[in-house]
Amino acid sequence: MKIVVLMKQVFDTEAKISLDGNKINKQGVSLVMNPYDEYAVELGLRIKEKFKGEVTVVSVGGPEVQDALRQALAMGADKAVLVDPGADEIDEYTTATILAKAIGGLEYNILLGGFKAIDDGSCQVCGRVAEILGVPVVNMVTQAEVEEDKAVVTCDIDGGSAVIEVKLPAMLTAQKGEIEPRYPSMKGIMQAKKKPMQKIGLGDIGLDAAQAAPKVKALSYSLPAARAAGKLVPGEPAEAAKELARLLREEAKVI
Amino acid sequence: MIFKLTEEQELLRKTVRDFAEKEIAPKAAEMDEKEEYDWDLWGKMAEMGLSGVPYPDEYEGAGMDNISYAIAVEELSRVCASSGVLVSAHTSLCAWPIYAFGTEEQKQKYLVPLANGEKIGAMGLTEPGAGSDAGSLKTTAVLDGDEYVLDGSKIFITNGYYADIYVIIAATDRALKHRGISAFVVEKGTPGFSFGKKEHKLGIRASATYELVFENCRIPKENILGKEGEGFKVIMKTLDGGRIGIAAQALGIAQGAYESALNYSKIREQFGKPISANQGIQWMLADMATRIEAARLLVYQAAWLKDNNESYSKQAAMAKLYAAETAMWVTTKAVQIYGGYGYTREYPVERMMRDAKITEIYEGTSEVQRIVIAASVLK
Amino acid sequence: MAKGIWVFTEQRDGEIKKVTYELLSAGRKVADSLGEELCAVLLGKGVSGLEGKLGEYGADKVYTVDSEALENYTTDAYTNILADLAKEHQPTAILLACSASGRDVAAQVAQRLGTGLMTDCTDMALEDGQLVFTRPVYAGKAIVKAACPEARPVMATIRPNVLAADAPQAGRAAQAVPVGGNTGDIRQVIKDIVKQISTRPELTEADIIVSGGRGIKGPENFALLEELADVLGAAVGASRAAVDAGWKSHSFQVGQTGKTVSPVLYIACGISGAIQHLAGMSSSKCIVAVNKDPEANIFKVADYGIVGDLFDVVPLLKEELKKLLA
C-alpha cells in the first residue's frame, strides 16, 4: 500500500502575529506541522502498519519546511518530498497544482491530508488536488477502515456524521477524531536523518511558474482591533447575576 | 566552537516539550498534591524511548548523545521536576553504572530492560550515616559461597519501591574504608530486600523516595558490578554523570518558572499597565534569562565533554552547582513576580520553587560540588 | 458576458438555512451595484417549491435540481451539477456558506472551473468594481482582504451569522428554472448517516451559545449549562480543555481545532480564554464570561464579566433570565 500524505508547516498556535509592511511577519515565529496533518500522518502510519506499506510525505514550501517533514519521518514515514514553489505569493490553486504534479509522479493507493490548515483555514488544497488527479475525496474523516481497494470512513457532515465508502485510490482529509497522533520516538528521530528527503523545484516536476500562478491575490493584511475589555459586574453572585441579566437585555440588547 | 544544536537535538527538544506539555503538565499539580506519580506516564515515556536516551541501539537505547539526554531531562523538568528526576535517576544512576561497569551478560539482563523502559531503575548509596562520605557505609555485602549477603539500609532512594532494578553500594570490607566498597545489582523481590518508610518531602513530591532495607538478602555472586573494591570508582563516575542529569533537571525547573513569570508579567496589570513595564520586574527577568542561559551552556558543555570522552568531572560539578543555585534563585524570583498568587497552588511557580531546593542537595550538595571543583582547580 | 451573482442554497431536509438569506441579502446589494442578476442554486430532493422563499430574500432566478440522487449531500453529485451550471451560465461570482458541505463543494468546483476560492469570509464588498472578501486568518489574529482579479467566477464561502439578513419581501417572486442536472458517477457511497439529535440549535448557527471549560469540573455539571441554554434557546459548546478531558465530544468544541462560531451572545463559563478558544468565538457580538480567576484571559475579550464561582452564578443567572423572558 503506497500512502501519500500532504503536509503543511504552519505557525505555532501560540504564535504572536505581527505585520511586516503589507505582509505577515514570519521572523522568529516558531513553526509546527499543521495539527490536522499530524492526524493524517498518524492515519497513514496505521494503514502502513496494517498493509506493510510505505508512507511518503509531500509538502510545498521553503527549506524551513524540512523540520516538519523530519518530524513526520521521525514518526515513521519513509520518504519526504519538498517542492519549493520559488515564489512568496502563492494561493491554494498554486499549491494544489504543484502538489498534484509532484504526487502524479508517485505511485499511490491512498492520499491523506489534514482537512484544514490552521493558518489560513482554507480547507481546499486537498480537495483541489483530488480534483486534479481525478480521485474521489472525503473530507473531515474521523475514522477510517482501509482495505486493499476501498476505504470505509466516518466523517463529520453538517448536523451529524456519515459513513462513506470510496474505492481507492481516494483522498481522505483528517478531522480530529479518535486517532491520537504518536510522538516521534527517540529512535525514530535518529532514523529520520537516514531517510530520503527529496528537495526539488518546479522545473523538476515539469511545471513553470505561469502554470501555477495564483488566482487569488491578497490585497492587504491588518490586525484585528483589540476587543475593548468590557465591564466586570460587581457584587455578590445573586446581585451580579441580576445586574448581568438586566445589562444583556437593556444595554447590549441581545436577549 | 559551534553553539548550535543538531537537527536531531532540536527535534528531540520539540518532541519532548510537546509531550511534556500535553501529557505531563496537566497532571503535575495533582501528582504533587497527592504525592503520587502517574505511572501511565512512564509507559508513554518508555514507548518514546525516554528510558534509554544515551544508550546504544544494541541495548535497545535510543543511541543518542548526552546532550540529547540533558535536553530530555530539561524539558521534562520544565513542566514537572518529579518526571525529570525519575528519568535522571533511572538513566544516570542505575542504567549508566551497568552500562559502564557491567559485563555483557549483565548488560543484556539488566541494561536492555532498563533502556527499553520495561523496567525502572534506582540506585542505593545514601545511608543515615553516610551520603557523599561513601567510606563510612554501614551496609555490608559478605561473600558466602556463590552469593553475597546484604545487610543494612539505604535512605532517600529516588524511584525506591517502584523501581525493579537497583544498583546498591555496600561495604565488602569495612576496614578498607572507601577502597573496601563494591557495587551490586539487586532485583526487587529478592528475599530479604524490603522497603521502609516513604519520605514526605518539601518538593519533587510526586517522585517516590523510599528507604531500602536489606536483611540477610542473598544475591548471586555474579551480580557484582566490576570487581570487589571497585565500588568507590563506580560511585564517583556515576555521580559525575548523575550531576549532568540533575543539572539538567535544575535548568528545566528554572526555565519553566522563568517562562511562567515572563508570561504572567505581561498579562498582570497593576496601576493601569502590565507589571512587565516596571523596570524592577524587567531587571529580574533579564537576570533570570541570563543566569539560565549561563547554566544551560555549562550543562551542555559537561554533556559534550562526556560525549567526547574527555574529563567532565569538574564541569559536571560546576554545571550542577550553578544550575541548582540558578533554579533556586529563578524560582524564588518567579514567585516574587507573581506576588500573592505565586505563593498559592493556583500557579505552578509555588511548586517549582519547592522542587528547586532539592537540586542544591541531592547527588552532592552545593557544598560538595564546591569541594569537587576546588579539588580540581587546586590540583 | 459573465453574468450573475450566485448563491448556493444551504438546505437540509427541505429547510433553507438562515445563512442562505444572509448570502442573498449581501449578494443582492452586489448584484444591484454591478447591474447583474442574483441567482440561487437549489439542489436537493423535494426542494421544488422553496424558490418563493429565496425570491423573498432577493433572488431573481433560482436554478433548481430536484432529484432523488440529491437527497443527501455527496461531493461528486453536488460538484458535477454546480460545476456544469456554472460552466453553462458563466456567473460572475458564486457565494456559499462556510459549512461542511459548502466548503467541500466549493473546493471541487473552484478547481474544476480553474478559479480562485476564498473561504471562511466574514465580509464582502465591492471596491472599484472588484469583489473584495475579508477573511480572518491565523486563528483570527490577522485579517486579510483578498480578491480574485481575473479568473471567473469569483468563489467564496462565508461564515454563517456574520452578514445581516434583510427582512423578506413578502410576495417577491423569483423565476424558477428547473434543471435536469447530471449527478454523474457518485464515488462517495453513503452507508449510513447519523444525525445529531438535539432540541437545541446547532453550534455554528445558534444565536446564543453557552459554553463550558475546565472550570465545569466534570461532565455531569454540563447540566447546569444546558438548563441555562434551554432558558435562552441556546446551543451548548465546550472548550478544548473540556473536550480533551472527555466531558463532551469533539462536535461541541469551539476553538481553533473545533468550530468557529459567531453568535449574538456567547456565554463562557469556567473558560480561561486560551488563544485557541478565542480563535473560535471572538467574532461573537456580545461575550459574557463567568470565571473565578480574575486574571483569566477571557475577561480581556468579554463585554461583561462576573468574577465568581460558576456553580453559584450560573443557576442564579438562569433564574434571572427566566424572569426577564417570562
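Placement of Cβ uses the backbone N, Cα and C atoms for every residue, glycine included.
TrEMBL has this to say about the protein:
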- C:5-192: domain 'Electron transfer flavoprotein alpha/beta-subunit N-terminal' (DOMAIN)
- C:Arg214, C:239-240, C:253-257, C:270-277, C:Asn291: FAD binding site (BINDING)
Least surrounded among the binding-site residues, given as C:Ile271, C:Ala274, when other CB atoms within 10 Å are counted:
C:Ala274
Members of the binding-site residues set C:Arg214, C:Ile271, C:Ala274 whose C-beta sits under 8 angstroms from chain A
none
Neighbouring C-beta atoms (10 Å sphere around the C-beta of C:Gln256 (FAD binding site))
22
Looking only at Cβ atoms, how many others are within 10 Å of the one on C:Gln253 (FAD binding site)?
25
Least surrounded among the binding-site residues, given as C:Arg214, C:His277, when other CB atoms within 10 Å are counted
C:Arg214
Average the per-residue pLDDT over the domain 'Electron transfer flavoprotein alpha/beta-subunit N-terminal' (C:5-192) and send me the rounded value.
95
What three-state secondary structure does DSSP assign to C:His277 (FAD binding site)?
helix
Structural state of C:Gln256 (FAD binding site), classified by DSSP into three states
coil
Going by DSSP, is C:Arg214 (FAD binding site) part of a helix, a strand, or coil?
helix
Tell me the coarse DSSP state (helix, strand, coil) of C:Ile271 (FAD binding site).
coil
